[in-house]
């Protein structure tokens with residue numbers, strides 16, 4: 001008999017696996033939910049059968065061990081040990097015991113009940129009454145403990161409420177577009193996104209169904225905005241009533257054919273289930289020749305979410321209070337490639353600094369000494385267990401330069417983005433030439449006497465420009481503080497100061513085909529408060545230089561940023577990585593903050609004509625040489641992703 005049952009079960013399983021290439025059930029052309037509920041439940045049994053979570057609170061009471069689950073699937077009490085748990089997770093068809101051992105020991109249960117009753121000082125009685133008193137008391141206590149732990153978890157997770165802002169609603173209401181993922185080479189999937197476009201089909205969870213099990217259906221990308229896509233279920237044609245936005249990098253998104261290979265059911269939405277009598281034929285006709293995601297899309301997403309920096313790695317980073325020097329800091333947290341660095345001398349861990357792992361502000365240990373940069377030695381003599389210096393090879397490489405020929409010299413004039421007011425490009429001076437192409441730059445007219453506000457830029461940095469760059473590109477140049485001969489003219493200023501302009505040929509003039517367009521939406525770091533990632537818009541493009549506007553804030557808080565800045569991210573990056581996204585400032589918030597400095601401002605260590613004053617420096621700001629710019633071909637058009645087509649099987 002057993003062999004016969006096994007054979008029947010194997011035959012049944014093989015029949016269920018015999019589906020077409022789109023995962024449709026054989027004989028399921030009518031697509032009624034009633035006819036598929038049983039089959040769907042069988043195929044998705046591992047997803048619908050609840051189990052006791054591993055993190056549930058456990059409480060011991062008089063030698064008994066109990067747990068209190070979430071209560072969503074029905075409760076059961078073991079008649080042997082008295083343990084309370086989810087009914088479906090219990091042993092046997094009757095769900096009377098929590099384990100095989102309890103079931104086998106049931107025959108001696110009356111003896112155990114008598115012993116337990118005597119220990120409690122009660123006369124022996126029916127086992128059920130004796131054994132159920134303890135779980136009831138324990139259940140209440142465990143429930144209180146469970147609720148408290150859930151509240152604590154909710155508080156700790158509240159800091160990364162990445163889903164609180166609805167990007168899809170925002171984009172549709174404002175009729176805007178998001179910058180393509182291929183514009184962000186440093187972001188996950190930035191180099192392998194080229195084949196994903198409107199019209200691509202994929203398999204996603206079908207939310208328009210009454211089935212208890214998780215089922216899938218095919219959807220088409222109607223609109224793309226960064227990682228997020230507006231999807232429409234196949235079969236709705238021009239009806240957009242069920243359209244929905246979805247992050248394409250979440251685990252529930254798959255290429256067409258995944259359901260067939262994984263044994264998952266494809267069920268059409270209930271709103272249109274009677275629209276076609278033969279859904280298999282409909283899908284074959286509609287999907288043959290259509291594009292879908294690469295088969296290794298999910299594995300690529302996982303690979304791209306791995307980062308080389310680990311907790312407790314030691315790095316050198318700019319001192320946020322004195323831009324002219326660096327300090328040692330420890331990696332405390334890594335989120336999506338962004339690092340929370342805690343300065344080594346910070347006792348309580350509150351003295352921190354946020355930046356991307358490819359930021360020009362962080363370097364390997366020993367970098368400052370090697371190029372002659374100022375460095376503050378740490379007074380910490382004892383290292384924490386697990387500390388280690390970050391390997392030099394995981395830092396962003398800079399362009400090799402030849403300083404033997406004509407090169408920058410102290411006192412040369414140029415234009416530079418002010419790291420303390422990233423909305424301004426100012427008249428600046430080379431204050432010191434370091435090794436390996438690095439320069440110490442000072443803003444004319446607002447420098448501290450001790451040079452504590454000099455900042456380090458590489459000669460190939462997109463944040464420094466030759467004299468005349470702003471005039472040629474119609475950008476307002478901020479003159480030195482106190483300079484009264486306006487409008488500012490470089491020729492007059494150089495003659496009055498007896499200085500010379502840095503040669504144009506020394507600046508970086510490459511302009512990549514970055515793909516950004518005016519009006520595109522993205523997620524951008526507020527470099528005046530670099531822990532914040534905000535909803536932002538590209539409002540102007542000058543060669544490789546982008547003007548970033550933070551939605552809901554005044555224009556004075558705009559920032560000039562380079563097109564390849566590691567502090568710009570596609571729409572949906574925060575949701576993908578779990579980072580908190582700052583939504584556009586509401587009008588009430590702006591009015592309330594009108595009489596006080598914005599949260600984006602902090603008190604500087606010295607005075608100057610800064611509109612903003614958090615001592616944050618970012619070299620990603622901007623480069624757009626107006627002289628002899630060379631247009632190069634971007635590799636975003638050939639990033640190796642390719643297009644995948646659906647073929648009809650014979």
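Yeah, the Cβs are placed from backbone N, Cα and C, and that goes for glycine too.
Note that the structure is predicted; figures quoted are calculated from it, not measured.
TrEMBL tags one of the stretches 1-54, 55-108 as region 'Disordered', and that stretch is 1-54.
Most Cβ pairs under 8 Å to the repeat 'MBT' (488-584), among the stretches 165-269, 277-363, 365-480, belong to 165-269. Confidence annotation: the repeat 'MBT' (365-480) carries a mean pLDDT of 92 in the model. Assigned with DSSP, the residues of the repeat 'MBT' (277-363) fall into helix, strand and coil as follows: 17 helix, 36 strand, 34 coil.
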